[in-house]
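Below is one structure, written out as structure tokens, with a few remarks after it.
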Amino acid sequence: LTGVLDDCLCDIESIDDFNTFKIFPKIQKLQERDYFRYYKVNLKRPCPFWADDGHCSIKDCHVEPCPESKIPVGIKAGSSNKYSKAANNSKELEDCEQANKLGAINSTLSNQSKEAFIDWARYDDSQDHFCELDDERSPDAQYVDLLLNPERYTGYKGPSAWRVWNSIYEENCFKPRSVYRPLNPLAPSRGGLEFVFLFSWTGLCLEKRVFYKLISGLHASINLHLCANYLLEEMWGKPRWGPNVKEFTRRFDPIETKGEGPRRLKNLYFLYLIELRALSKVAPYFERSVVDLYTGNGHEDAESKALLLDIFRDTKSFHMHFDEKSMFAGDKKGAKSLKEEFRLHFKNISRIMDCVGCDKCRLWGKLQTQGLGTALKILFSEKEIQSLPENSPSKGFQLTRQEIVALVNAFGR
């Protein structure tokens, strides 16, 4: 990819240089620190939009002594004939077991970590605008070590995954003038990867174009990570992970995707710009002495905050930021209505993440959605951030630890 991105004055080469040499090494270090590596998530919330109608398509899966939630929906099917003898073979059983293993969450935590989490919970003042937040007090909510559960290929694919993304794009996304998307995998296929020409609208306002690009960029980020960290082979029980160029080509090559692939990647750069802008805007919130990245370890907390402020200085130095003031700038009544529509669409998308059938995919989907929602909350709260009191908590603008962790890790992705 080269050249200028649409709807902003920034070019791809400038973002690459800035990220590679300034931002990425520091954000990677920050993600490894205790404050940012633990994320509390409820992976058992029911899907609010459709019943869990999946059935295991593999021999004996439906009688395995393991919880239903452990079996990725991608290996289930909606037709009962999958239980017939013809469908039951050892290859399918192996696929089922592998997908279970790949999608599993490593929930190992030290006692010291558990004690620290109790303190962190006391430190938070909960409030959120753009995302449906998990109830952290729910007995089903658990802390997850993000370093032990990296975002990568899990074997989750097929009708279930398609249904999640289709619901996001078709029911909760402002649609651009023309987009090619894969057909329903449940429909009869004529062979190969088929696409349908979905829309022929004459155009969209800036706000709706931005919304679509953010969702497309998030989708591209998730797809890129599973291509970059793919299970290449498993010998003697030891998996070998690495980049899968064939999978990357299938998802992003111009010919394979009817020209959509490069657009998806450009939308990823656009998403980067939006979250970068949010980081530069929220700096005053963290520069106050009253804000502490609290873990109970004073020395580490001070180092974490110093590194975060250093990253903020870098984000401010970037000279081609997206100008969010160009959004919602029309007549006040129309702008307010559009902003509310924007917020509700995004909140609905955050709820759809509870319909993802693979634990690890759900974890990273929820985290990155909340991170983007936090970025939007920041960009639409500029006045509140500028008027923050120096030595006391603010009632006008507040970030919980969950939001901070999600914002940093989503940007890190």
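Placement of Cβ uses the backbone N, Cα and C atoms for every residue, glycine included.
Straight from TrEMBL, the features:
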- Cys358: active site, nucleophile (ACT_SITE)
- Cys361: active site (ACT_SITE)
- Arg152, Thr154, Trp165, Ser216, His219, Arg251: FAD binding site (BINDING)
- Cys56-Cys61: disulfide bond (DISULFID)
- Cys96-Cys131: disulfide bond (DISULFID)
- Cys358-Cys361: disulfide bond (DISULFID)
> Rounded to a whole number, what is the top Cα to Cα distance in Å among the residues the record ties to FAD, namely Arg152, Thr154, Trp165, Ser216, His219, Arg251?
Replying inline: 21
> About how far apart, in whole Å, are the alpha carbons (Cα) of Trp165 (FAD binding site) and Cys361 (active site)?
Replying inline: 13
> What same-chain residues, at least 6 away in sequence, bring their CB to under 8 Å of the CB of Arg251 (FAD binding site)?
Replying inline: Asn223, Cys227, Thr257, Gly261, Arg264
>> Around the C-beta of Cys361 (active site), how many further C-beta atoms are within 10 angstroms, looking at every protein chain?
In response: 26
> What binding-site residues among Arg152, Ser216, His219 are found with a C-alpha within 10 angstroms of that of Cys361 (active site)?
Replying inline: Arg152
> Can you count the other CB atoms that lie within 10 A of the CB of Ser216 (FAD binding site)?
Replying inline: 24
> To the nearest whole angstrom, what is the C-alpha distance linking Cys358 (active site, nucleophile) and Thr154 (FAD binding site)?
Replying inline: 8
> 10 Å Cβ neighbour count around Thr154 (FAD binding site)?
Replying inline: 22
> Going along the chain, which residues six or more apart from Arg152 (FAD binding site) have their CB under 8 A from its CB?
Replying inline: His225, Leu226, Ala228, Asn229, Tyr230, Leu231, Trp241, Lys360
>> Can you tell me how many other Cβ atoms are located within 10 Å of the Cβ belonging to Trp165 (FAD binding site)?
In response: 17
